[in-house]
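*Asks:* Feature list, courtesy of TrEMBL:
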{"type": "MOD_RES", "residues": "33", "note": "N6-(pyridoxal phosphate)lysine"}
{"type": "ACT_SITE", "residues": "33", "note": "active site, proton acceptor"}
{"type": "BINDING", "residues": "131, 311", "note": "substrate binding site"}
{"type": "DOMAIN", "residues": "242-369", "note": "domain 'Alanine racemase C-terminal'"}
{"type": "ACT_SITE", "residues": "263", "note": "active site, proton acceptor"}
Ligand SMILES: *Cc1c(COP(=O)(O)O)cnc(C)c1O
């Protein structure tokens, strides 16, 4: 295998248990959208449920269908549908749906009538993120649109929910104003007659830092995967990284001082040196702007990308004394002490660790390790 992502299910289960403990009485929804942030949807979902997640959450309906069609029966919410989406397919698969606008309630209701089942709906309120959800007076309109559909028996409003703009900035004033607005909106829905089962707003950062936002259910994503949503805070919360991205050197050779390396010759060793060829490139999700900066570990050597990251490969400078050989393992990021982290890659490439793990390409096999026997696929 030239390049692979090792997915450590013991670390994942540890993180789920740790987040559950932080969440107190709230239930835990494991957010497994985007192929579980690149880690593998079904495998991650099974381990998360085995470790105590009582809900799963995904953005897109096809992701929810994939979970159900694989036999996963855990309570499941999907939240980002467009007009014409297969709401009937979702209802018949017992998937909870989100609505931010009356059109969504109407489509869900029509689908529920057609399949002869009641749809479970979570109304989304925009408390100040300025993205999804019903904003301002639209909230009242949304709630009042839902009530007759509940009376008809085609939907039941089981949840009210929102999402933070600045949960990752622990002391940002909007965290509290959004939270206040949220509980006010939920209370309004209850005054109008909704009988809410779950009110939920906490992502990873709020799960870790804002107990007052835990409400009935927390929705961590990134922290499940062992990455800190608040890297500026000097605390890893005891999380363990789940993904390690590794490759085997495809070639090791000597190059003389001054020989430019890779496209554009953006790197040239000052002294004669030994270089290794890493068979992973931007097609595999390695950021092209990791050119000359992406950190790696090869054996005990810490080194960097030397020259351009290409589509399928890049070079590392191992130093003149290197005894590395073709086939040796290079770790781009991992979980063990001394290995570079996804957060290191994020900092070197001006992004966030979410993007580093989620962008790992379809060509990179996920190797699942430490799965407990009853969670293995
Ligand atoms: C992605 C997402 C989450 C998880 O966010 P993290 O910051 O990864 O914990 C929670 N809720 C919603 C609506 C999301 O889209």
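Including glycine, each Cβ sits where the backbone N, Cα and C put it.
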*Asks:* Could you tell me the mean pLDDT the prediction assigns to the domain 'Alanine racemase C-terminal' (242-369)?
*Replies:* 97
*Asks:* Across all the protein chains here, work out how many other Cβ atoms are within 10 Å of the Cβ of residue 131 (substrate binding site).
*Replies:* 11
*Asks:* Give me the long-range Cβ neighbours of the residue listed as 'N6-(pyridoxal phosphate)lysine': same chain, 6+ apart, Cβ under 8 Å, in sequence order.
*Replies:* 57, 58, 59, 60, 63, 221
*Asks:* Would you mind splitting the domain 'Alanine racemase C-terminal' (242-369) into helix, strand and coil residue counts from DSSP?
*Replies:* 22 helix, 42 strand, 64 coil
*Asks:* What whole-number Å value do you get for the CA-CA distance of residue 311 (substrate binding site) and residue 263 (active site, proton acceptor)?
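*Replies:* Just about 11 Å between their Cα atoms.
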*Asks:* State the count of C-beta atoms found within 10 angstroms of the C-beta of residue 263 (active site, proton acceptor), not counting that atom itself.
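*Replies:* Excluding its own Cβ, the number within 10 Å is 12.
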*Asks:* Looking only at C-alpha atoms, tell me how far residue 263 (active site, proton acceptor) is from residue 131 (substrate binding site), rounded to the nearest Å.
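*Replies:* Between the Cα atoms of residue 263 (active site, proton acceptor) and residue 131 (substrate binding site), the distance comes to 40 Å.
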*Asks:* For residue 33 (N6-(pyridoxal phosphate)lysine), which of the three DSSP-derived states applies: helix, strand, or coil?
*Replies:* helix
*Asks:* Among all protein chains shown, how many Cβ atoms are found within 10 Å of the Cβ of residue 311 (substrate binding site), not counting that one?
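*Replies:* Excluding its own Cβ, the number within 10 Å is 11.
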